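Swiss-Prot has this to say about the protein:
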- 16-36: transmembrane segment (TRANSMEM)
- 51-71: transmembrane segment (TRANSMEM)
- 96-116: transmembrane segment (TRANSMEM)
- 134-154: transmembrane segment (TRANSMEM)
- 164-184: transmembrane segment (TRANSMEM)
- 194-214: transmembrane segment (TRANSMEM)
- 248-268: transmembrane segment (TRANSMEM)
- 288-308: transmembrane segment (TRANSMEM)
- 321-341: transmembrane segment (TRANSMEM)
- 348-368: transmembrane segment (TRANSMEM)
- 391-411: transmembrane segment (TRANSMEM)
- 423-443: transmembrane segment (TRANSMEM)
Amino acid sequence: MNFRLLSQYHADIKKLIKISLPILLAQIAQNSMGLADTIMAGRVSSTDMAAISIGASIWMPLMFFGQGLLLALPPTISYLNGSGQHHRIAHQVRQGIWLVLGVSIPLGLLIYFCEIPLQYMQMESKMSDLARDYLHAMLWGLPAYLMLINFRCLNDGIEKTKPAMVITFLGLLINIPLNYIFIYGKFGMPAFGAVGCGIATAIVNWAMCLMMIFYSYTNTQERSLKVFSQLIEMPNPKTLKKLLRLGLPIAIAICCEVALYALTSLMLSPLGATIVASHQITLNTSSFIFMFPMSIGMATTILVGQALGAGSPQNAKKIGYAALLLGLTVTIVTALITIFFRYEIASIFVTDEIVIAMAANLLLFAALYQFSDTIQMVVGGILRGYKDTKVILYITLFSYWVIGVPLGYTLGRTDWLVPHIDAKGFWIAFVVSLTFAAFLLSLRMKKMQAMNDNAILQRLEKLK
């Protein structure tokens, strides 16, 4: 480890940790809610547990899309905060409310008519009905969840990431007893089973939304921004267009990534339960570890945007390198843990020795994959700070769908290049496609950073 290099970026790394740690803990709390739903529904029946899994496979991509649109706000708000244009922040948040209302309608309709795709999944009618009713219950919390994200983006943009962490943990504490009441039928309530998870989640989303709004209303710094001084602000087409121009590529890129992993599971399903189980264990482990670089990437967006708003592209560049140094340092630790404890990690999920052995083998690829994943997440965060999001979409589409999917299918399911190697082939493809993405995004980052300072600032002024 180059300790001289660490000391050079010490202040920036310290600030990145301060901002990213609450984001990480909030993500862990959010994922814990899904885990609690699965475990508690599983105690009713395997059908209820499966219904939640199926419902989540429809719900999550749609929520990621809505959330991706709103991720245009943190770089916008952090830029305005850094440039001292605090009076313009409230307008962005109010227009974010219109964005929430606008996207909630099509997403809500897709969820309401979820029975159509469920019919094509060839499952038991009881499971299909439970998944539909679970999604319909979740639907009531859709606007609240997106509104929560809108006000979370306000707080993130001004470097206040702790409120979301605290509120998400409070949501987890509310979620578990509500699950208990609605799933098992306690305190006079009927036993809803899997549907009870949907009811509980909808209530929790509203509770967290109201807590976040209350915090934003009462916090001294945010009151000075006068977000709530005007109850109704009409939609501003110019502002909404700018937010969509930033947010839509992020939303589509996130959906493409989610769809890639979903499609991989489908392509592996004919190969048998053992292979699918080993793949799922590796995917679940990688998804947990992914929260580390994702949190650093989100913190990087905030600090890079703020530095650029303050008129200091050189400081933004320095923050970017500090974020990469921090991300790769964390990745060395997580990769070593993955390698040396891969059998223990696999045994957390199953007791079948064959599945454990297969998963342990795949986790070696997952350890390698973490380095490329970290680089592409952190560099993506840097580019979002520069409000350069279209390129992220193009690179994601090319790397995942032009390279990743065909290569994974060729190696995993055919004998065209080598005798088919099942799940291992798809994980090799993940490593290759993410490495391409990391490389191409890094080239774009270098190009942005090589621009003349005035050219960078003029470009951002046009986008603000």
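The chain as shown is numbered from 1 upward.
Cβ from N, Cα, C; glycine included.
Counted over residue pairs separated by six or more positions, the transmembrane segment (348-368) shares at least 3 Cβ pairs under 8 angstroms with the transmembrane segment (423-443), which defines the two as touching. Contact between the transmembrane segment (134-154) and the transmembrane segment (51-71) holds: at least three of their C-beta pairs are under 8 Å, each pair 6 or more apart in sequence.
Under the criterion of 3 or more C-beta pairs below 8 Å, with sequence separation of 6 or more, the transmembrane segment (248-268) and the transmembrane segment (96-116) do not qualify as touching, having fewer than 3 such pairs. Ranking 51-71, 96-116, 164-184, 288-308 by CB pairs under 8 A with the transmembrane segment (194-214) puts 164-184 at the top.
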